[in-house]
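A.B. asks: Relevant sequence annotations retrieved from Swiss-Prot are reproduced here:
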type: DISULFID; residues: 27-38; note: disulfide bond
type: DISULFID; residues: 55-144; note: disulfide bond
type: DISULFID; residues: 121-136; note: disulfide bond
type: DOMAIN; residues: 34-145; note: domain 'C-type lectin'
type: SIGNAL; residues: 1-23; note: signal peptide
């Protein structure tokens with residue numbers, strides 16, 4: 001009886017210590033959870049296309065990161081700067097048909113904006129929350145996002 005109580009108490013402690021850490025978000029190892037999504041900062045320099053392909057192969061439903069509110073931007077910017085110490089990362093925003101019809105690589109609507117005018121793919125500064133268009137053939141680190 002004493003062992004049963006000890007084991008039960010131990011399991012309760014483990015459960016309580018994991019709750020609220022994102023462990024229950026079903027993110028892959030080395031991914032961080034935020035608002036029912038998983039994020040991974042990749043410290044490899046790739047073109048936009050290569051980065052998007054990496055993200056889609058890395059996780060089920062994965063794409064370059066898309067932003068839908070300021071809190072998500074703040075989370076990713078902090079995560080990116082902490083890991084990379086770099087000032088820019090690819091994000092999933094692109095003018096796919098070169099007609100100024102901006103889309104996220106995961107097909108989501110563009111409902112949050114923050115950029116200046118330039119080419120057809122976007123980077124985000126990890127300091128200052130600014131988006132800038134860059135040539136899709138340039139290389140940068142990037143952030144992947146997938147559903148939890």
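Using the three backbone atoms N, Cα and C, a Cβ is placed for every residue, glycine included.
Since the structure is predicted, the reported quantities are computational estimates derived from the model, not experimental observations.
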A.B. asks: Looking at the domain 'C-type lectin' (34-145) alone, can you tell me the average pLDDT?
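C.D. replies: A mean pLDDT of 84 is what the predicted model shows over the domain 'C-type lectin' (34-145).
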A.B. asks: Please name the residue among the disulfide-bonded residues 38, 55 whose C-beta has the most neighbouring C-beta atoms within 10 angstroms.
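C.D. replies: Neighbour-count leader: 55.
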A.B. asks: Whole-number Å only: compute the distance from the Cα of residue 121 (disulfide bond) to the Cα of residue 55 (disulfide bond).
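C.D. replies: Given the Cα positions, residue 121 (disulfide bond) is 16 Å from residue 55 (disulfide bond).
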A.B. asks: Given residue 144 (disulfide bond) and residue 38 (disulfide bond), what distance in Å do their CA atoms have, once rounded to a whole number?
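C.D. replies: Cα of residue 144 (disulfide bond) to Cα of residue 38 (disulfide bond) measures 8 Å after rounding.
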A.B. asks: Note down the number of other Cβ atoms within 10 Å of the Cβ of residue 136 (disulfide bond), including every protein chain shown.
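C.D. replies: Around residue 136 (disulfide bond), other Cβ atoms within 10 Å: 18.
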A.B. asks: Taking DSSP as the reference, which of helix, strand or coil describes residue 55 (disulfide bond)?
C.D. replies: helix
A.B. asks: What whole-number Å value do you get for the CA-CA distance of residue 55 (disulfide bond) and residue 38 (disulfide bond)?
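C.D. replies: On Cα coordinates alone, these residues lie 12 Å apart.
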A.B. asks: Just to confirm: which same-chain residues, 6+ apart in sequence, have a Cβ under 8 Å from the Cβ of residue 27 (disulfide bond)?
C.D. replies: 33, 38, 148
A.B. asks: How does the domain 'C-type lectin' (34-145) divide up by DSSP, counting helix, then strand, then coil residues?
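C.D. replies: Going through the domain 'C-type lectin' (34-145) residue by residue, I get 26 helix, 40 strand, 46 coil.
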